[in-house]
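Copied from TrEMBL, the annotated features are:
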- A:101-135: repeat 'PPR' (REPEAT)
- A:171-201: repeat 'PPR' (REPEAT)
- A:202-236: repeat 'PPR' (REPEAT)
- A:303-337: repeat 'PPR' (REPEAT)
- A:404-434: repeat 'PPR' (REPEAT)
- A:435-469: repeat 'PPR' (REPEAT)
- A:536-570: repeat 'PPR' (REPEAT)
- A:751-843: domain 'DYW' (DOMAIN)
Amino acid sequence: MAAQLSPSPLIFHHEDIILKTQNNSKPKTNANSLIGSLSNCRNVKELEQYHAQLTKTGICKTISVVNKMVVTCAEIATLESLDYARKVFELFAKYREMCDFLFLWNSLIRGYASVGLGDESIFLYLRMMNEGVVPDNFTFPFVLSGCTKILAFREGNQVHGCLMKMGFNEDTFIQNSLIHLYSENGDMEAAKLVFDGMLERNVVSWTSLIRGYVRGDCERKAVDLFFEMVESGIRPSAVTMTCVVSACAKLGDLELGERVCACMRSCGVEENDALVNALVDMYMKCGVIETAKRIFDECTDRNLVLYNTMMSNYVREGLAKEALTVFREMLMAGLRPDYITMLAIVSACAELGNLVYGMECHGYILRNGFNGLDYVINAVIDMYMKCDEPDYACYIFDPMVNKTTVSWNTMVAGFIRNGDIEPASRMFNLMPDKDLVSWNTIIGALVQESLFEEALELFRMMQNKGVKGDKVTMVSVASACGYLGALDLAKWVHYYIENNEITCDMCLSTALVDMYARCGDPQSSMQVFHKMREKDVSAWTASIGAMAMEGSGEKAIILFDEMIKQGVKPDGVAFLGVLTACSHSGLVEEGQRFFRSMKDDYGSPPKVVHYGCMVDLLGRAGMLKEAHKFIQNMPMEPNDVVWGALLAACRIHKNVELATYAAKRVTEFAPDRTGIHILLSNVYASAGKWCDVARVRMQLKEKGWHKPPGSSSIEVNGTINEFTASDESHPQMTHIARMLEEMCCRLKDAGHVPNLSHVLLDVDEHEKEHALNRHSEKLAIAFGLISTDHGDQIRVIKNLRMCADCHTFAKFVSDTYSREIVVRDNNRFHFFRQGLCSCRDFW
DNA sequence: GTAGGGTTAG
């Protein structure tokens with residue numbers, strides 16, 4: 001609404017007007033030029049000065065002056081000037097027959113629309129109709145623009161109806177305004193309908209439609225339309241370019257952006273502030289920071305928006321320090337930060353964990369009244385959370401009356417980041433409206449905490465509430481699926497993504513590659529990988545990991561070399577993948593080559609995890625002495641993982657002495673690692689040193705530790721059946737036991753001899769054999785044989801390493817029963833086919 | 001006359 005009219009020196013008395021009109025005196029030439037100068041005024045103050053001069057000439061109150069005053073005020077279009085114009089207008093309303101009154105109505109409606117006071121535009125339009133003033137073809141674009149600005153689409157529709165009745169529906173300007181109206185309302189069908197029905201289209205018609213598609217996230221369509229427009233011979237304006245360039249920014253498609261820019265240059269479009277800003281934004285969002293920076297630096301008169309663009313993008317890119325540098329430059333240039341500046345700078349502080357600077361920003365926000373804007377205050381909450389001050393965050397959040405979903409999400413995400421899952425899930429349950437981000441946050445957190453089944457449960461709950469997942473959701477879901485090794489579910493996830501048109505970006509594709517690999521389906525994994533349009537180092541690493549898990553060291557190496565050939569620089573994680581692959585396949589020399597290449601060719605010296613991997617590689621291959629020496633020559637302190645790798649190798653190669661030493665070292669670094677003691681007791685047990693086994697077990701018992709039970713699970717018809725050793729609880733246990741007995745007989749006939757050395761009980765042979773036959777993976781395989789069809793794979797997930805006997809057992813089963821068996825243990829897969837295993841008995 | 005730039009949480 002128009003603000004209260006302030007007292008003004010310009011007072012018109014209607015007596016004067018009547019007097020002057022009656023006199024009908026011709027203004028003098030110099031007075032005419034003064035009236036003309038009125039339209040050059042830039043603000044109310046200048047208007048008043050001219051008016052003072054006009055007063056001296058004695059013609060200040062003629063109709064032409066009044067007309068000029070109102071129109072100029074409307075054109076200046078500030079709240080102040082509009083107040084002024086309105087006041088003059090209302091005074092004149094009583095004498096409307098004496099001047100071109102429609103012109104004044106139009107000017108005011110236009111003025112209000114241009115400052116965003118759309119409700120005033122609509123109000124004046126309605127009043128004018130009410131008073132019987134007939135609108136013309138100028139009135140409608142103005143009032144429609146007013147409707148669009150305040151998103152008054154219902155009113156806009158009514159105006160559309162009215163102008164149709166009055167026969168204005170073939171006016172290009174009016175149709176342009178209608179396209180804009182429908183575009184802003186997201187109704188592209190209606191916008192397109194108007195566009196298609198136009199007899200004449202100008203650059204604004206095209207631009208409005210293009211802009212609509214950009215707003216509606218149909219950026220490609222927008223760019224296609226742009227090229228179509230140029231093709232049809234219409235020259236783009238700076239406004240058109242601003243829209244198209246921002247479409248390219250949203251897509252992050254540099255190649256397309258460059259094509260658009262080339263087209264812009266060949267059309268000779270003159271740049272303006274908004275266009276330069278859009279260009280800087282595009283280069284930033286396409287990751288070409290140098291180019292953006294160059295344009296920014298070359299720009300001589302940078303405005304606030306341009307500074308904000310640079311700062312926001314720097315923060316988004318994780319370059320908080322650079323954002324602060326630009327901020328200082330901006331202050332030096334004498335510009336006053338607005339709330340968007342503060343959003344960027346508060347986020348920068350959050351990123352840097354700079355509490356002091358962050359609090360200073362908070363102060364500035366309070367002093368300038370930006371704290372009423374939920375955008376800003378949410379960013380402040382986020383900043384306090386990221387600066388590890390949850391109490392400050394709560395202090396703002398708790399009394400907030402305008403908590404939005406984003407406020408809640410910020411709090412939940414903050415707690416999760418700080419590792420406080422309990423308050424996070426409490427807040428999640430408390431929040432009144434959960435949106436996609438809320439669900440993604442909590443599901444992601446559960447996956448991070450390895451609570452995979454809980455994560456999937458929440459995903460189901462989310463769907464039941466009618467919230468559709470997006471690519472972020474699916475990354476978490478795929479990851480959960482992979483860790484659970486649930487292949488049927490994994491296939492469903494892939495299907496869900498394709499059927500719901502979820503854009504499979506690099507991140508999600510990589511998650512799928514990893515998911516299939518962990519579910520023991522390397523073919524599907526590689527299929528997804530090969531379909532990827534672009535592959536970054538993470539994508540390559542996932543595929544290398546897939547081959548490592550499959551046990552195809554050679555294929556992993558081929559992939560690694562191919563990655564380098566394609567110019568993708570391997571990072572520490574990629575090297576870890578290829579070293580693991582070498583280790584799993586016993587490719588000692590190749591592993592050593594990669595290890596050396598890290599420092600020599602890529603300048604990234606191996607970290608302690610890589611050393612651990614090398615110890616594993618040497619140790620598995622039976623080179624225990626070399627592995628030990630390798631540890632002794634490490635440039636950094638070996639940790640529990642490194643010694644643990646040696647210990648594991650000692651178990652495989654039954655070196656009790658070195659195992660004892662390694663276990664001692666491990667305990668020094670990680671006194672709480674239960675697994676190590678169990679590993680050690682396994683070494684003693686396999687060497688028949690039962691006294692030592694008992695001693696270690698006793699120590700564990702005294703400290704209240706217990707061995708995690710070995711467990712195997714198998715998914716049948718979407719249900720996950722879990723077995724632990726000697727577990728009798730399964731409803732079909734009698735069948736399973738009978739099946740196991742039959743299997744043992746048939747395998748014995750086929751030549752299988754139970755390997756009792758891995759039974760860790762100091763009991764007689766018969767009992768040992770019974771215990772051995774009740775290992776969880778055997779139960780799962782037996783259950784798989786009776787509950788799946790003959791041609792089906794039997795897929796078992798085990799939480800620990802497979803024991804040697806179960807491994808041989810599975811090989812025999814695959815041959816005797818002609819079944820493929822896939823077992824995933826704690827770090828790799830075994831594919832059993834026709835009596836052989838993919839690991840070639842090396843694991 | 002009608003069209004345009006920078007915006008928090010996963």
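Glycine is treated like the rest: Cβ placed from N, Cα and C.
All annotation found in TrEMBL is predicted automatically rather than curated by experts.
The average pLDDT the prediction assigns to the repeat 'PPR' (A:101-135) is 92. Outside the repeat 'PPR' (A:171-201), and at least 6 residues removed from its termini, the chain residues within Cβ reach (under 8 Å) are 137, 140-141, 144-145, 147-148, 151, 153, 156, 160, 163, 208-209, 211-213, 215-216, 218, 234. The repeat 'PPR' (A:303-337): residue composition by secondary structure is 26 helix, 0 strand, 9 coil, according to DSSP. Within the chain, the repeat 'PPR' (A:536-570) has long-range Cβ neighbours (under 8 A, six or more residues past its boundaries) at 506-507, 509-510, 513-514, 516-518, 520, 522, 525-526, 529, 577-578, 580-582, 584-587, 590, 594, 602, 824, 827-831, 838-840, 843. Helix, strand and coil content of the repeat 'PPR' (A:202-236), in residues and according to DSSP, is 26 helix, 0 strand, 9 coil.
Away from its own ends, the repeat 'PPR' (A:404-434) comes close to residues 374, 377-378, 381-382, 385-386, 388, 390, 393-394, 397, 441-442, 444-445, 448-449, 465, 467 of its chain (Cβ-Cβ under 8 Å, at least six residues beyond either end).
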